[in-house]
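Taken from TrEMBL, the feature signal peptide applies to 1-17. According to TrEMBL, the domain 'EGF-like' annotation covers 182-222, 223-262, 263-302, 303-342. Annotation comment: TrEMBL describes 227-237, 267-277 as disulfide bond.
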């Protein structure tokens, strides 16, 4: 009796335990499903939507009750709710994923592949059948049957009930192959995005986004000022609605990347300099050749008039030329060392004197004088020396001899200046020599200073300007100590003053 009572209590305890367990697991769902508190039942989880990159190798993800399939992109799914039947399996290499059991846990809606030797577990509780398994002889189908094909289905193999309607979730619609496919609200125009927004289609829904270069602020799409987020541009950034562009400072240009600024070589691209161009970073400078200077526009060059800058460039006359200058000399002179004037000795180059004349060169010219300057009663005894014969009574009152000499001096010579020395050629014993200017010094330009008993120096005491000729007679008187002998001789000096001071 006690034994029967114990068995009865144990049975009641097991029943109670089962009731409690059913209550606890009522809101729990198998893998691949989740509890819907509104409908108070388990609903399928769309692993293709929540599992990132669910299928690999270019396969497409197809959601299925309690799992998902990884199929080639050309595969089609045909839903069949008729009794189980045998179908030709898909081509070799097709992968599939499904949960091991349906939401009811009874095995309906399952997918079984005969010969499935190996399988890989995928995120979300799915299984991917290996190629070897999918190559088996047949595929069994349950209440929700499907056939996997790599190529488009043959119209003869479309299920016998193509008009069967299936219920699709919001955002999906039934296709001609009785498969729920996504509705593209953006193409259909059934979205509610604003005019300044872009519609982005999602699986089973859509999203409204701002165009590139805009950001959402409240319900509005406002422009993003890219110029406030450095470093976009190398030098200058210009913001535009939805975008921006870069600018460069003067003297630079955008590189091919539309970001970096590179220097423009203005000397090669558009040389504006009149003569010399030097490129510098971001700009250029002009320079001029020697003899020129930059004008006020800093581009052109103007000739420098060197003759106006200084009066000492040339000895005689400065002639300005483009970019340079040259010196000129007056007639009778030639330019030496580019600036100095030197007298031309015409007596050596172009002697135009007659046979009975001698050529005398002076500063800036030449003159022809008679080779025999003697006048009666004087006779020529040697070159330029005339003697009055003692046998002639006329000669007693005249100088015994006259010697002709010539000299040239420059105009405006500084004074006082020693210019000529006279000296006795014959010296007598017990005689006294005195020197004087006999003629040609009416204006007092000269002074004769005796330097020794037998010589004297002619001194220029007034500045002379040429061209001009002076003839000065310098006389030397000789007397003996007792006064019984007296004689004189004259040196006739012709002084030619040149027209210039050089």
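Placement of Cβ uses the backbone N, Cα and C atoms for every residue, glycine included.
Broken down with DSSP, the domain 'EGF-like' (263-302) shows 4 helix, 16 strand, 20 coil.
In this view, residue 277 (disulfide bond) is surrounded by 18 other Cβ atoms within 10 Å of its Cβ, with every protein chain counted.
Counting Cβ atoms from all protein chains shown, residue 237 (disulfide bond) has 19 others lying within 10 Å of its own Cβ. Secondary structure of the domain 'EGF-like' (182-222) per DSSP, as helix, strand and coil residue counts: 4 helix, 18 strand, 19 coil. Taking DSSP states H, G and I as helix and E and B as strand, the domain 'EGF-like' (303-342) has 4 helix, 18 strand, 18 coil.
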